[in-house]
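**Q** A single structure is presented below for examination.
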Amino acid sequence: MSELLTAAQMRTAENTATDAGQVTGLELMERAGRGVVEAVFEEWPTLAASRHKAVVLCGPGNNGGDGFVVARLLKEWGWEVEVFLYGDAAKLSPDARVNYERWLCLGTITSNESLEGGYLSANFDLVIDAVFGTGLSRPLTEDAWLFCKEMYKAGIDVAIDVPSGFCSDSGRFLGESRSDFEGPLSVALTVTFERLRQGHALLPLAGVLRACAVKSIGIDQYLPDFRRETSVSYLSGQARIGASRKAVLNSTAQSSSHKYSHGHTLVLSGGAGRTGAARLSGRAALRIGAGLVTLGVPGSAQMEVASQVTGIMLKRVDSKEDLSGILEDERINVLCLGPGLGIERAGGLVPVAVAAGRACVLDADALSAYEGRPEALFDLVTETCILTPHGGEFARLFPDLAAKLNAPSLDGPAYSKVDATREAAARAGCVVLYKGADTVIASPDGRCSVNSALGERAAPWLATAGSGDVLAGFIAGLLARGFSPMSAAETGAWLHVECALSFGPGLIAEDLAEELPKVFKRLCS
Ligand SMILES: NC(=O)C1=CN([C@@H]2O[C@H](COP(=O)(O)OP(=O)(O)OC[C@H]3O[C@@H](n4cnc5c(N)ncnc54)[C@H](O)[C@@H]3O)[C@@H](O)[C@H]2O)[C@@H](O)CC1
Ligand SMILES: [K+]
């Protein structure tokens, strides 16, 4: 269950299932409502044991329909339930209408005038959001916002499918940000169906969700064929590291093969006083399993680096010619450039490094050196390269994509970080890893993954100086071990978060690579 779905993919699956006569929309709605109640009792078992008071806020579409089902089921369970409706009951979608009428056999619809003045927070144990789901196609209208705002102010306990107002493909709140609500936005439990939606893994929505439950509504067989290139994988949870990757990682701890059979990574360092970043990358590459790591250092920094490293070799690299000379050694199969490299030095060395045809991680200054002339970089790089920009570097290389991503989203589905990273990879012609707590990795052929450090994998302490240098080193080390660029980026990013979670708060960048043995031991046991 590691794929993320777009609203369109889910809708297609639902339609295929109903067109095939396997199930009706009404039955799917019943299963969805039942799934929500099940998830609530699983999350808070004490709620199942006694009577409580719930309020369900329903919208005009099928999300609202799910809400009417939940209201009925909780009422039948013995709870006190109130229901609010946004919109005109006469215009409800047909399935929602059926469930609205079923609800009216058990209860009433409370007038929306009661919503104001803290009514929700004062009167209910559980506030359930069934206003809008995956059908939200435009920013909330003013009256829709007024309705939803009361719910946000009270704090949403349960959001059905997606918290209302957020786009389930992009994780973005549609429209301009609301100056009349300052949050904090937080949703205790979000219940969705069959798979997480893409937006559940992306910021800002992913930062709002405290827990997500995924419930089956029996249409798994109608979901897209995830072996196709259009799917987006979700790298989260303990089970996300595939058997083959695990085997290779396992061998890093046990192998008796010759060091050169595990690859040789060359990390290029900046000058005196700026060598720490490359040292972090080098150490990370070594820890993750590169057989050998060499730091390419300018003469002025040789003493500084020599006094700091053990287990890593040093080579003097002052010029392009020095680098070309070193690369005559064909056992060097990976280069890592950027951390602490300096813009000027990067501008000189990147073309030589990339032209050597080895696998290549380009990070930090190796990317910033191409600000204003990104095409020059895209002309150079090949499919053996990986670009690992953070937000600022991404905007330097892909200013138009960054602008699209940052512009207010006026239509759903909104342009997402997945869209931007995929476009970037296609344009650059290589794997792009767009960093963040919601790291997105895309390859030029359209394959894409999201690696999350949010929700159950939240590791805010990972946002520490030097953390990105370690990630570049992890990826370089995995490339040295023979991982493909996409696989190296995915596995490196996943392990990066695992190390942070394993270490916990107080982490500094130096700790990340040192935590790897513990993470490997757990993975391989
Ligand atoms: N289609 C199906 O078979 C199933 C759908 N399910 C539920 O149905 C939801 C999707 O249902 P819908 O496609 O009906 O969409 P929604 O219920 O999410 O919203 C659509 C309704 O909201 C209105 N609307 C959209 N944007 C608005 C805005 N900015 N301001 C005011 N009104 C706006 C639309 O006019 C429409 O009436 C899912 O999220 C899920 O909860 C589940 O019941 C499972 C089965
Ligand atoms: K909702």
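Cβ atoms here come from the backbone N, Cα and C positions, even for glycine.
Residues or ranges marked as domain 'YjeF N-terminal' by TrEMBL: 10-225. Among the features that TrEMBL reports, (6S)-NADPHX binding site is placed at 62-66, 133-139, Asp161, Ala277, Gly340, His390, Asp469. According to TrEMBL, the K(+) binding site annotation covers Asn63, Asp129, Ser164. Residues annotated as domain 'YjeF C-terminal' in TrEMBL: 242-523. The annotation AMP binding site is assigned in TrEMBL to Lys435, Gly436, Ala437, Asp438, Thr439, Gly468.
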**Q** From Asn63, Thr134, Gly436, which binding-site residues have a C-beta atom under 6 Å away from some atom of ligand 2?
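**A** So the answer is Asn63.
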**Q** Return the member of Asn62, Asn63, Gly65, Ser137, His390 nearest to Thr439 (AMP binding site) in space, with distance defined Cα to Cα and candidates limited to these binding-site residues.
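**A** Going through Asn62, Asn63, Gly65, Ser137, His390 one by one, the Cα closest to that of Thr439 (AMP binding site) is His390.
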**Q** Of all the binding-site residues given, namely Asp129, Ser164, Lys435, Ala437, which is spatially nearest to Ser137 ((6S)-NADPHX binding site) at the Cα level?
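**A** For Ser137 ((6S)-NADPHX binding site), the spatially nearest of the binding-site residues is Ser164.
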**Q** Near Asp129 (K(+) binding site), which of the binding-site residues Asn62, Asp161, Gly436, Ala437, Asp438 can be found within 10 Å, Cα to Cα?
**A** Asp161
**Q** Rank the binding-site residues Asn62, Asn63, Thr134, Ser137, Thr439 by the number of other Cβ atoms within 10 Å of each Cβ, and give the residue at the low end.
**A** Ser137
**Q** Provide, as an integer number of angstrom, the distance between the C-alpha atoms of Thr134 ((6S)-NADPHX binding site) and Lys435 (AMP binding site).
**A** 26
**Q** I'd like to confirm something. Which of the binding-site residues, Lys435, Gly436, Gly468, has a Cα closest to the Cα of Ser164 (K(+) binding site)?
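**A** Of all the candidates listed, Gly436 is nearest in space.
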**Q** Which binding-site residues from the set Asn63, Asp129, Asp161, Ser164, His390, Lys435 come near ligand 1, judged by a Cβ under 6 Å from any of its atoms?
**A** Asn63, Asp161
**Q** Determine, using Cα-Cα distances only, which of these binding-site residues is closest to Gly65 ((6S)-NADPHX binding site): Lys435, Gly436, Ala437, Asp438, Gly468.
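**A** Minimum Cα distance from Gly65 ((6S)-NADPHX binding site) across Lys435, Gly436, Ala437, Asp438, Gly468 lands on Asp438.
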**Q** Can you tell me which of the binding-site residues Asn62, Asn63, Asp161, His390 is spatially closest to Ala437 (AMP binding site)? Compare CA atoms only.
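**A** Considering only the listed binding-site residues, the nearest one is His390.
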